[in-house]
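J.: Below is a structure I'd like to ask you about.
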Amino acid sequence: MSFSPSQEAIELLDNLLPSGAQQRRRIYERVVQTVLMCTSFITVIVLFAVAGSLVPPTIDFFQEVSFGEFFGRTEWYPLFEPPAYGIWALMSATFLVMTIAIIVAVPGGLAAAFFLNQYASDRVRRYLKPTLEILAGMPTVVFGFFAVNFVSPNIVQKLWPFGEVDFYNALSAGLVVGIMILPMMTTLAEDAMNSIPKALIEGAYALGPTKREVCTGVIFPSALSGIIASIVISLSRAIGETTIVLLAAGASAKFTLNPAESVQTLASFIGFAGIGDQETDSTGYRTIFAVGTFLFIITFILNIISIRVVRRFREVYE
Amino acid sequence: MNETTTPTAQSLIASSLSKGDGNIPGVNSGRAAQIVMEARDLSVYYGDFLAVRQATFSIARNEITAFIGPSGCGKSTILRSLNRMNDLIHSARVVGTVLYRGIDLYGPLADPGEVRRRIGMVFQKPNPFPKSIYDNVAFGPRVNEKFTKSELDGVVEDSLRKAALWDEVKDRLKASAFSLSGGQQQRLCIARALAVNPDVLLMDEPCSALDPIATGRIEDLMREIKSEYPIVIVTHNMQQAARVSDMTAFFSVESTGDTNRPTGMLVEYDRTVDMFSHPHDERTLSYVSGRMG
């Protein structure tokens, strides 16, 4: 018995074959898909381009300056004679400014996030959220001038209890960097809290606790992975902040953890030296790339940690 | 307080049962003394929308009360207004009275936290905290009272035993609550609710996410603990209402004309036996006989 397709089957097959218009639609779809894909790959390309442009001058730099000198000393005078390339002067300042910023932003951001998430009425939320976004969108140079012209003379110099304060100081810079990252910290932490299933929060309230007890006992542990991630992201933002630190902390690279002193961080050195008049083929010029690579590696590691933390501690609801 | 409320409670029972033949066996004036909670003309609004209007019923010791009715009839809304869970919804507004042992739960004397501690709740889907089994049960006692470590251990064990979960988890109290099965998680949530030693237990469709075996265990558990904790259960499952409850309240919906969202209402409230065998309201009859909803 041989198989012969019925008339309906033949008609159905005809209908399934693409017409001219359908084929054009398919080609168009392909084009759109390709364009969208290329656009999304731009970020990847830029990442590799940045990394690639940092590597050759950095390699050149380390042919002139030894690892031992770079990582073993605490004096940093790359643009003077005789030069000194001890990265720890910049590292100590970076650590100092970052720590001050985090001390401001983490408690402040968490408190604001708890408030927005559990305490604020709908009306307050409606005003508070856009205000935070305005703060987040403010140019950092404005923050920098705020630090120099307001925070340093009116707050830090007046209230610092332990002796002299430089006009340019790490504390003003750190405080204002903290304020700058506060909205981001708040938003990210609040997003983490908001992603906890409502049923879980209701379950907590059904046991009779106060809002504070729900915040500390249920919301904080439930949103912990997101909160840690928001801290790490804020941290890498604080480390990379250039303008505020450049304006407020001055340009004297020294190995110190005294917040009252003028300091130079990794980022603010790049900003400072980058606008200076370095010869393009000098060790001083290549220093910028070496420090840039170092900064890139630090923030890269921080971001990897944040991704790991989120994966490791994420509570899977449903 | 009790002296002042007993007459009202009696009149309430009388009025709610007046449609019956007046002398229902098992529901006599003795029940009035056992009343723990009563709702009078309880209406709930969401914004301008009247979700449920004027429900009147009472909850007595040693009884399981079932709320049945089609979707949107407001049974969960009413349940959640019995321990002020509706406070968490900004637009919700409660009109009418809920008395708990003679105290108005929406009056100036009532603290929402204390109300919820005394009137516990178990939810539709198991909602354990992302903590250990032990910490889930210990959360309520920790925030409500000062316990020593050994006292707390006792409360946790006691609550897990009441929830018929102790034998299954006693060797892994430090394990995450998420490692339990759905049915175990729901029993954990019951243990968590019992750990604060409530006076009444509200259950909002507690078995809707569970398989029949897990459902059976929760129902057994309800029968075991009802002598200690009066239970109010919202259920979509009429067989479940018939199996476990002593009293049944049937809610339905009515269109109010000016809005296309129908308002829920309490149609009939009576002994479960009567509700399922010879209800007085035509609508109850058609619902329990499966012709509606």
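Using the three backbone atoms N, Cα and C, a Cβ is placed for every residue, glycine included.
Relevant sequence annotations retrieved from TrEMBL are reproduced here:
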type	residues	note
DOMAIN	A:91-306	domain 'ABC transmembrane type-1'
TRANSMEM	A:34-55	transmembrane segment
TRANSMEM	A:85-115	transmembrane segment
TRANSMEM	A:127-147	transmembrane segment
TRANSMEM	A:167-189	transmembrane segment
TRANSMEM	A:218-239	transmembrane segment
TRANSMEM	A:288-310	transmembrane segment
J.: Quick one: find which recorded stretch in A:34-55, A:85-115, A:167-189, A:218-239 has the most Cβ pairs under 8 Å with the transmembrane segment (A:288-310).
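T.: Comparing A:34-55, A:85-115, A:167-189, A:218-239 against the transmembrane segment (A:288-310), the winner is A:218-239.
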J.: Which sequence-distant residues neighbour the transmembrane segment (A:85-115)? Criterion: at least 6 residues beyond either end, Cβ under 8 Å.
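T.: The answer is 65, 69-76, 78, 132, 170-171, 173-175, 177-182, 184-186, 188-190, 192-193, 215, 219, 227, 230-231, 234-235, 238-239, 241, 245, 249, 253-257, 259, 263-269, 287, 291, 294.
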J.: Quick one: find which recorded stretch in A:34-55, A:127-147, A:167-189 has the most Cβ pairs under 8 Å with the transmembrane segment (A:218-239).
T.: A:167-189
